[in-house]
Amino acid sequence: MQNKIIIHGARAHNLKNIDVEIPRDKLVVVTGLSGSGKSSLAFDTIYAEGQRRYVESLSAYARQFLGNMEKPDVDSIDGLSPAISIDQKTTSKNPRSTVGTVTEINDYLRLLYARVGTPYCINGHGAITASSAEQIVEQVLALPERTRMQILAPVVRRKKGQHKTVFEKIQKDGYVRVRVDGDIFDVTEVPELSKSKMHNIEVVIDRLVNKDGIRSRLFDSVEAALRLGDGYLMIDTMDGNELLFSEHYSCPVCGFTVPELEPRLFSFNAPFGSCPTCDGLGIKLEVDLDLVVPDPSKSLREGALAPWNPISSNYYPTMLEQAMASFGVDMDTPFEALTEEERDLVLYGSGDREFHFHYVNDFGGERNIDIPFEGVVTNVNRRYHETNSDYTRNVMRGYMNELTCATCHGYRLNDQALCVHVGGEEGTHIGQISELSIADHLQLLEELELTENESTIAKPIVKEIHDRLTFLNNVGLNYLTLSRAAGTLSGGESQRIRLATQIGSNLSGVLYILDEPSIGLHQRDNDRLIESLKKMRDLGNTLIVVEHDEDTMMQADWLIDVGPGAGEFGGEITASGTPKQVAKNKKSITGQYLSGKKFIPVPLERRSGNGRFIEIKGAAQNNLQSLDVRFPLGKFIAVTGVSGSGKSTLVNSILKKAVAQKLNRNADKPGKYHSISGIEHIERLIDIDQSPIGRTPRSNPATYTGVFDDIRDLFAQTNEAKIRGYKKGRFSFNVKGGRCEACSGDGIIKIEMHFLPDVYVPCEVCHGRRYNSETLEVHYKGKNIAEVLDMTVDDALVFFSAIPKIARKIQTIKDVGLGYVTLGQPATTLSGGEAQRMKLASELHKRSTGKSLYILDEPTTGLHTDDIARLLKVLERFVDDGNTVLVIEHNLDVIKSADHIIDLGPEGGDGGGQIVATGTPEEVAQVKESYTGHYLKVKLQQ
């Protein structure tokens, strides 16, 4: 077998016909500037070809289900293995997908509970066991010798009535005695029972004394009792003790029944096990009273009920007024001053009580009717569930929130599944074990107390669970719970979860391609991640990791630097070799940073801010431990801490949502906190994340930053356009008129090929230029609109230098380091880091008020150290204008450049949620308890 992967003539995207050799069974890091072609090499060439060759080997029937693989633009690749890609984009947003289901740990947990779990009665009557007649006989014979007993068959349990037919049937079956409510009677002499009281009736099957030779008689009596008692039987030992037995998993006292224990009972995705109220989601969409009555100081007449404020018709306000008049509720009293009874009437309706409703609509239609009053909450619920209009449903959804299901308390399962415990009655049910952090879960498994028989059954299952949990622990995810929804994980977290699943599969000879697995990881956890990667390599796998993290690069066996620039200035291999060899390479920008020739300097002084603060008191969402936090305004603030310490909860769930609620009237509820002050000092909140700037290829840098409007204005003002009577709209590829109608302005046409990949071909009419020939006859400085869209930002800056309005907007795109992108590049082809910087660019050219708060969650994702240097310059421009920039970040170059650090921790999950250190980087570096401070100290001394 070859010991190298040899690539000849790779041309995907911006790759310039490159040849490269990659050693097999090694940890290989591919690095380079954002947009240099790293992903084009790793994912679009190597992974695409490895995957395609594997799929090609399958039958045509199987291929149709797998989607089709396009052959990458490369001459040849030798030495490939089947490839598995672990990237960031493929996290499931399905609410049924959790950490437990993604890692398959749930499958093993379900098996564990089905095999060694014991059901306990939910009404507190102890363990529920199922016994065969044979087992019951053995237990009875184990009683002390000479024990006197009677065998009873329960036929009525806690039921009202006189039960005359029951006694007739008992007599008919030939039985003589019965026990009614604890007293023994001859079946013909039972006193008349009270109709309105609950009664218990048992048939006396046999009376025995425990001694040798009774087994056969006892067995017959037990079988008869089970038959008559529907699988239940009681042994009364005459000394006041009673033993209850059942052939079913059913409580002999109250009858609570559990089906046979099997894995599907513990699945919240199967109707058999899921909670019937929330269908296994753990949350239920309920009307939120805070959204229905946003301002309780208003009266009903002033519009206290938000859903019924008149928008298009006066129907609901009229109904409300007539109903309140009928039921005697004052429309002018503030809502909060109404009595509880009156508020209930307004919210939940009048029940059966009716009022007379008379209404005439705008078209003369009339209603004259006596009806019950529905109540606003009931009305919102009904309209949400019954409407056929998406618009109405969305409006009603605005008054609802997802609340924890009251039936299953968020555990997602039904009572029958949640009554099964492992480790005795004081043990845990499957819902509780899923709520534990992975670190606590591991500890619980180690302390699990099982009988010898249970241990034998559980050993292989527990080993599988333990291994998978250990992998999650080793990649820095010890703070997650198995019940955590997969959709709420960050890109780095979901990638490391899939990494743990792959390590658990113990495959060898596979080619793994990873996309920045260190994202969202604190330096402290990075070493464990690198160890995990080395473990995968040592199993005999090849790992190709696209990464910018210096530690990972230095620990790699082989380093490939793609560059030298980005976009059309990249696409070449600038250096390839061991990390030490690359560090000595003068052509490699990465090498210059690794050797310390280039570095991001520490700012000479820290800003003092404007003296104002946003202060949050009592932040207690998720693992935050009732924090009081001050965010100084007019500064560059970094929120730091190990993974899972509560950074995103504090910034995204509380601060961002609370500010958005006050400034933008956002309906999204912030997390739990006591109070927030200082929002009046800011006017705008700008959240700059890495989500795509457009979902379709029609969105591009020119349309997103707004510069395309100005360019179209410019073309409309040319003499040729004026002569032809073309307005600005003529130069849009989104509307009829100027665009090519053959491809609707897309420039490409999709041809479906069924068993072969869909083929995208340039439109034959416009040849990919999007516009019709008449539009393209209008020129500005010798270029038509299609040629302008094909220009890179750098070229466009020179071309439009004489028009300040356009040049200013294009300059901002260059300032964020995207000079290599073309103005018309489809938004769908931009990476997360590029999309984020495009958002920054569109903010840069807006007039600054100096009162904006910018929030960025890990802005360095996908960025090379050289890109980070540029990003910092842009962020500092915002702060120099008097604005506040708040970043959640692990990158030490960014952290050391901040004016103020808020470090959370000390650990992740339950061990976090506290403030470990605050202050300038120099101050935080002195705090011994701070992991961030420890790494920062080294960085500041470099």
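Using the three backbone atoms N, Cα and C, a Cβ is placed for every residue, glycine included.
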Looking at 223-250, 251-278, 615-642, which one is zinc finger according to Swiss-Prot? 251-278
Might you list, by sequence position, any residue in that chain lying six or more from Gly32 (ATP binding site) with a Cβ less than 8 Å away from its Cβ? Lys38, Asp561, Val562, Gly563, Gly570, Thr574, Thr590, His864
Near the zinc finger (251-278), which same-chain residues lie under 8 Å Cβ to Cβ, leaving out any that are not at least 6 residues past its ends? 96, 101, 106-107, 109-111, 113-115, 117, 119, 121-123, 125, 128, 154, 157-158, 232, 234, 244-245, 284, 405-408, 411-417, 419-420, 430
Sequence gap of 6 or more, Cβ distance under 8 Å: name the residues on the same chain that satisfy this around Gly641 (ATP binding site), in order along the sequence. His522, Lys647, Asp903, Leu904, Gly905, Gly912, Val916, Tyr931, Thr932
For the domain 'ABC transporter 2' (609-937), mean pLDDT (0 to 100): 92
If you run through the zinc finger (251-278) with DSSP, how many residues end up as helix, strand and coil? 4 helix, 2 strand, 22 coil
On the three-state reduction of DSSP, what should I expect for Gly32 (ATP binding site)? strand
